[in-house]
Amino acid sequence: MAMPPPLAGVVCLAAASRLLVLALSLLARLLFRPYDTSASLQPSCLRSPSPLSSPFTNLSAAISSLAVWDGVHFARAAECGYEYEQSFAFLPLLPASVALLTRSLFAPLVPVLGYRAVLVISGYVLNNIAFVAAAAYFYRLSVLILKDQKAAYRASVLFCFNPASVFYSSLYSESLYALFSLGGVFYLFSGANTVAMIMLALSGSARSNGALNAGYFCFQALLQTYDSVIQKKRPLGSWFLEILSSEAAAQLSFGFTYVATVLKSEHSAGPTNKAQGQPEVKQRKSAAAEMVSASVSDSRNLIGNLSECSILYLPFVLHLAFMTVMAFFVMHVQVSTRFLSASPPIYWAASHILGSPSHSSKRWSNLIYAYFTAYILLGSLLFSNFYPFT
């Protein structure tokens, strides 16, 4: 069965974006020296020796070194299991999937390249394919919610080239999480509850924030209650619900605006004697102001127009708002970009700006293009060479 042209275009664009990111990462790795070269070290597993080393030691070490930052821990968990307590933070879906691929589809490569190198190859192949599938689900979900194919396509293009692109093409769990969370929500709103339950459960085994996807089931239950009780038995209830949702939207937008103003004022007017020696605090304040400002824009574009837009926007915006608060209060600043990168409202709001004909929207459109492009280039350069990148 042939895919519709827009969906086929999204799939092709997603595949092209992965090839671009991989090419940029490999080029950066060839041109620049990694900041931390410890990724190529391969200590034996605690419980048993590592299986099958490679006769091509240099090639195997070069491939193994492509697992950087958290990718080192995911590869170690796939190879040796959970040896240390700090390994428990890396949930089992990605390591188990990578180990399964290595021992089945890519098993013929193990005697040639070594077990760990093939683990890394399996992870890269799996995550890039998963991202292409996630982009397809993102487009289908966007069409379902936005009721506008052009806006959905613009949002999907932005998702394919999102600021966290380098993580989706590396040995990280972002691609699997995006695939199962976006696919699960799509099937949930399409009425396939069993498939949705399975996919959203799998998203929770990829990343811990997958547990928040249970909120979509709660929203569905509320909608069903509204349909069965309020609309059929209490006609005035719809008026009350509309007023309540509009008031909640206004309060939420006002609250985000206030927090963003306070953060920006503290960041710009803070005493210099307190700022010295505290670059991480300043970085966190700056990033927090940017995250809250992004949420303000999303809430104004989506929540602020609930009377005009579908009520189906609401759970996505509340989900993004909760994750933004969590990212500010309990998460390291260097995790925030990829933590929020799978949230559809970010791309829906940006798509709305790109599709607006006004002069101010054109200026914002140029900023969006520059922001996404800069993050892809910087991420490919810094992340692949073990430099800090967020």
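Yeah, the Cβs are placed from backbone N, Cα and C, and that goes for glycine too.
Automatic prediction, not curation, is the source of TrEMBL annotations.
Small disclaimer: the values here were computed from a predicted structure and weren't measured.
Over in TrEMBL, the protein carries these features:
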- 87-106: transmembrane segment (TRANSMEM)
- 118-139: transmembrane segment (TRANSMEM)
- 151-171: transmembrane segment (TRANSMEM)
- 177-202: transmembrane segment (TRANSMEM)
- 310-331: transmembrane segment (TRANSMEM)
- 368-387: transmembrane segment (TRANSMEM)
TODO: Can you tell me which of 87-106, 151-171, 177-202, 310-331, 368-387 gets the most C-beta pairs within less than 8 Å of the transmembrane segment (118-139)?
DONE: 151-171
- [ ] Between the transmembrane segment (151-171) and the stretches 87-106, 177-202, 310-331, 368-387, work out which stretch tops the count of Cβ pairs under 8 Å.
- [x] 368-387
Open item on the list: Using a Cβ cut-off under 8 Å, which residues of the same chain at least 6 positions beyond either end of the transmembrane segment (177-202) come close to it?
Closed with: 93, 130-131, 133-134, 137-138, 140-141, 144-145, 168, 209-210, 213-214, 216-217, 220, 312, 341-342, 344
